[in-house]
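Beneath this line is the structure, given in structure tokens, with notes to follow.
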Amino acid sequence: MPKIEELINEIKKLKKEKNAVILGHNYMDYSVQLVSDFTGDSYDLALKKTDAKIIVFAGVYFMAEQAAALNPDKKVLSPDPNAGCSLSDSLDPETLKRYKELYPNAPVVLYVNTSIYTKALADYIVTSSTAVKVVKKLNSDVIIFGPDANLANYVERQTGKKIVKVPPNGRCIVHANYTRQLVELARRKYPNAILMAHPESPLEVLQAADFVGSTNQMIQFAKESKYNEFIVATEIGMINALQLKVPNKKFYPLVTTESCACARCPYMAMITLEKIKRSLEEEIYEVRVPLEVAQKAKEAFERTVRLLEKS
Ligand code: 13P
Ligand code: SF4
């Protein structure tokens, strides 16, 4: 039996034995998506409810951290705690505190790609699918927003509000490489395809896109669209999620691993089947978040949900 199938079977067995579930981000390798009980975007997975005793988070570390904060009664495991994120790493609590002192009346809206310690200082926590809605609903014309400057620019354009970016230049090392020129090349190569872009991409790419949304929103849009072919401006693992969930349509990455090393997020790529198996066997690496920090971050999540539910 090929090694990959063996690993998949062993992981499935371990999940049953240990009463564990695997939450897998949409960017995971195809094989990791196959062993995941739920796949989704970072916000969706954070709010997932489960009866299992153990959650293995197949995604980057800030995602495992927020699962631990929101599920204090579960054991949350990260297969590789070194799987960071350039956005999450770009904003620390001390920097955010300084901005809060500079703009004491401005609500703090943080993108979900932040550490739990930074989230604990936020008023609202958003994903790319909720950022514009939340900022529009806030009763303030000045908003502190971080850490993604591209998403901040997009929100500023869509809402007309003054967005104070913290840090001024936070970037995702994958999406920051996309350009209008790459879009034009892809459009020439795939003349029947329309372009879906993740809002972490630069504004020039978002302006050229036919659809802008989070990874879950891309799946939804592709399912419902009358079009059958899509150029996808986001991390290349997303092609796996789209092919699994929308098997009757065609998806082309804006950049491939052959054309640019930036196609694959090096942090997401650190989560492998081998590491997931070891994580389940040895129950490593447990992610612990101090209760007080977890409570504050949880309040910010709940405040956001309440705001979004308000008409
Ligand atoms: P989503 O929340 O859209 O899944 O994006 C997470 C991420 O890391 C994008 O690079
Ligand atoms: Fe972070 Fe970018 Fe990787 Fe997403 S793709 S985890 S934003 S570095």
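Placed from the backbone N, Cα and C atoms, the Cβ positions cover glycine too.
Here is what TrEMBL says about this protein:
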BINDING   HIS25, SER42, TYR111, VAL112, ASN113, SER128, HIS198, PRO199, GLU200, THR215  iminosuccinate binding site
BINDING   CYS85, CYS172, CYS265  [4Fe-4S] cluster binding site
By CA-CA distance, flag whichever of CYS85, CYS172, CYS265 among the binding-site residues is nearest to HIS198 (iminosuccinate binding site).
CYS172
Specify all same-chain residues, apart from the site residues CYS85, CYS172, CYS265, whose Cβ lies within 8 angstroms of the center of the Cβ atoms of the [4Fe-4S] cluster site, ordered by sequence.
VAL60, SER86, LEU87, ASN113, ILE173, VAL174, HIS175, GLU200, GLU235, TYR267, MET268
Using C-alpha atoms only, work out the spacing between CYS265 ([4Fe-4S] cluster binding site) and HIS25 (iminosuccinate binding site) and round it to an integer in Å.
12
Same-chain residues at least 6 apart in sequence whose Cβ lies under 8 Å from TYR111 (iminosuccinate binding site)
LEU87, ILE125, VAL126, THR127, SER128, ALA131, PHE145, GLY146, PRO147, ASP148, LEU151
Near ASN113 (iminosuccinate binding site), how many other Cβ atoms are within 10 Å of its Cβ?
25
If you measure from the C-alpha of CYS85 ([4Fe-4S] cluster binding site), which of the binding-site residues HIS25, ASN113, GLU200 fall inside 10 Å?
ASN113
Using a Cβ cut-off under 8 Å and a sequence separation of 6 or more, which residues in the same chain sit near GLU200 (iminosuccinate binding site)?
LEU87, SER128, ASP148, ASN150, LEU151, CYS172, VAL174, HIS175, ALA176, THR234
